Amino acid sequence: MLAVAFVGATGTGKSLLSLDAARDFNGHIVNADSMQLYRDMDIGTAKLSHSARQGIPHHQIDVIDPSSEASVARYKLSAQTCIKHIHALNSIPFLVGGSGLYVSSVVHNLQFPPTDGRVRKLLEDEADKSGIGVLHDRLLKLHPGFTVSRGNRRRIIRALEVAYITGRSPNPVLPLQNRANNFIVINLICDKGTLDIRLQKRVESFYDNGLIDEVRLLQEKYVLGRTAAKAIGYKQAIMYLAGEISCADAKDSTLQETIRLANKQIKWFRRYSGQHIVDTTDMSVAYEQIRSILNKSFRIS
């Protein structure tokens, strides 16, 4: 049975266009934005409010606390279960998000090496005590050909965890399989000038709509996990509340990181084969193109 994946950079209109499509084609939304998995992180993740969802069922949103760490392997299994459930209801699953590995885990049915919480905890503790550079050096001694940024703590720790558990090269994801032929992939792109304006407005709206207060409440309610505390926008708000940076600097840093994220997302999804590329510079024109793609795919006259 067919499913649809809306992918693309932040700011290209995935949430709104997929919502329109789900409304017109009897669909459910399955979130594939890793940060929207977290409860109470609403403003800085651009999570649609319940009223904005227009009654369209949404899955894989608000499923873990910000004190926990999301797992792409667990997410894949949960998302696949959601998709099967939606098909059983004779509805169409719309997988929507810009978190490349999360999308790919479902669309390409990625297979992940095992995990070991005890090993992970030992590595996390060592990184806290000695610095991630020590673990990075060890990783390169074990596997000189493995490429990872010295500051990428999560990937370094995961790579060492895999190496220790399996005794093999620490490739965090097993080789990419061909895209499942039951996924229609719609990659949303946008004119760079338009996207830059959208991202600037997006960041302004975060702060205008109360991101600082949201973060203050999060800190009161939870001991934030590493991922939540380092999320774009949230990291800057935490620094502002700690008196480390000004609000203006927090906004500027959030915008620059958002732009870098968008560029990474564009490069990631560009690699997908067999996709439909839709330019969302004009949203109304884009949706007509999307309707045409879906009508043909589902043979609706």
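Every residue gets a Cβ built from N, Cα and C, even glycine.
Feature annotations, reproduced from Swiss-Prot:
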BINDING   GLY8, ALA9, THR10, GLY11, THR12, GLY13, LYS14, SER15  ATP binding site
BINDING   THR10, GLY11, THR12, GLY13, LYS14, SER15  substrate binding site
REGION    33-36  region 'Interaction with substrate tRNA'
SITE      SER99  site 'Interaction with substrate tRNA'
SITE      ARG120  site 'Interaction with substrate tRNA'
Structural state of THR10 (ATP binding site), classified by DSSP into three states: coil
Set of same-chain residues at least 6 away whose C-beta sits under 8 angstroms from SER15 (ATP binding site): ALA46, LEU48, VAL96
Binding-site residues compared (GLY8, GLY11, GLY13) - the one with the fewest other Cβ atoms within 10 Å: GLY13
Pairwise Cα distance for LYS14 (ATP binding site)/SER99 (site 'Interaction with substrate tRNA') [Å, integer]: 12
Cα separation, GLY11 (ATP binding site) to ARG120 (site 'Interaction with substrate tRNA') (Å, whole number): 34
SER15 (ATP binding site) in three-state DSSP notation: helix
For the ATP site built from GLY8, ALA9, THR10, GLY11, THR12, GLY13, LYS14, SER15, further residues of that chain with CB within 8 A of the site's CB center: GLY98, LEU188, CYS190, THR280
Which listed residue (LYS14, ARG120) has most other Cβ within 10 Å, given these are recorded positions: LYS14
Rounded Cα-Cα span from SER99 (site 'Interaction with substrate tRNA') to THR12 (ATP binding site), Å: 14
In three-state DSSP terms, the structure that ARG120 (site 'Interaction with substrate tRNA') belongs to: helix
Spatial neighbours of SER99 (site 'Interaction with substrate tRNA'), counting only the binding-site residues GLY8, ALA9, GLY11, GLY13 and Cα distances within 10 Å: GLY8, ALA9
Whole-number mean of pLDDT values that fall within the region 'Interaction with substrate tRNA' (33-36): 98
